[in-house]
Amino acid sequence: MSPESLQRENLSSPTMFLLWGFSGAYRAQVTLCLCFSLVYLVTLLGNLSIVTLVWLDAHLHSPMYFFLGHLSFLDICYSSVTLPKILGDSFSPQRTISFVGCITQIYFFLCFGGSECILLAAMAYDRYLAICHPLHYLAVMSKKTCHCLVAISWLSGSLSSLIQAFLTARLPFCGSNMIDHLFCETPFLLKASCSPNAPLNKATLYVSAGTIAMGSFLLTLVSYVHIIRAVLQKGTRTQRAFATCTSHLAVVSLFFGAGAIAYLVPQSSSSKELDDILALLYAIVTPLLNPIIYSLRNSEVKGAIRKALCR
């Protein structure tokens, strides 16, 4: 066999990956499984409640709550990409995932995450129009505009994740099938890859993801700069309107803050537990807290919950 064919054979993709998740005694695994099950159940119930309330309550048929319903649906999808697999691996002695399954998980995780970034920016733009241009709000933020913004968020997230999943699928792994993480995620596959072009692949992947994340964050930031300026200039009436932004601002801070910490903090082999905790923060805890934040800090949502319970 020639050296070239040997090199091609070595630089191949494994058919299966071994996910090196939380390690520990059986009792610890059971405890983690119960915790993850509770988190997933609360996440599903909380976000399904928001979607149902927005759909059924006529007082919530406005652009802001239209976006909120889609955000809750995205959170259900986002957490469902990783948590069921983590739950299954909690009791499995052999935590494996197929190569196709791994790339599929990466695609959907990035798709829902990217779509949520853009949707949060659309919600910030909605609040900007409502506070800074209230007279033109209903004309600009029409039903057609709302549907277009949601479609843009889904299409942009899908296209970006498709590029990243395709590039990740082409990485050579030299027979190595160990992923030192709870689920399949691009930075950890880059870490396991032996590609001589790994820095270039990593740069391309981060540029693709960063375009969505940073673009959405900057649009959100610009919207809130204008909102805060209008609040300071126009006084009490606008300050009351700004109260509708507090829930969204808390969700934006949690989502982008957790993602920035997870991706910008250098990954270290000596801090695997920290890497896992950061992954759980932005992949699991954020979808869990979003409906709680909107329920506790939004009077209209609390009113809709009370009416639903009275029925």
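From the backbone N, Cα and C atoms, a Cβ is placed for every residue, glycine too.
Note that TrEMBL annotation is computational and uncurated.
Model, not experiment: these values are computed from the prediction.
These come from TrEMBL:
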- 37-58: transmembrane segment (TRANSMEM)
- 46-294: domain 'G-protein coupled receptors family 1 profile' (DOMAIN)
- 106-125: transmembrane segment (TRANSMEM)
- 146-167: transmembrane segment (TRANSMEM)
- 205-229: transmembrane segment (TRANSMEM)
- 241-265: transmembrane segment (TRANSMEM)
- 277-296: transmembrane segment (TRANSMEM)
### Message
Do any residues, 6 or more residues outside the transmembrane segment (37-58), come within under 8 Å Cβ-to-Cβ of it, and if so which ones?
### Response
65-66, 68-69, 72-73, 75-76, 79, 83-84, 87, 284-285, 287-288, 290-292, 294-295, 301, 304-305, 307-308
### Query
Apart from its near flanks, which chain residues at least 6 from the ends of the transmembrane segment (106-125) lie with a Cβ under 8 angstroms of it?
64, 67-68, 70-71, 74-75, 77-78, 81-82, 149-150, 152-154, 156-158, 160-162, 164-165, 168, 183-186, 189, 209, 212-213, 215-217, 219-220, 223-224, 248, 251-252, 255-256, 259, 283
## Note on the structure
Near the transmembrane segment (277-296) in space but 6 or more residues beyond its ends, with Cβ under 8 Å, are 36, 39-40, 42-43, 46-47, 49-50, 68, 71-72, 75-76, 78-79, 82-83, 109, 181-183, 185, 247, 250-251, 254-255, 258-259, 261-262, 265, 302, 305
### Summary
Long-range CB partners for the transmembrane segment (205-229) (under 8 A, at least six residues beyond its ends), listed in sequence order, are 110, 114, 117-118, 120-121, 124-125, 127-128, 131-132, 156-157, 160, 163-164, 167-168, 186, 190, 242, 245, 249, 252, 256, 259
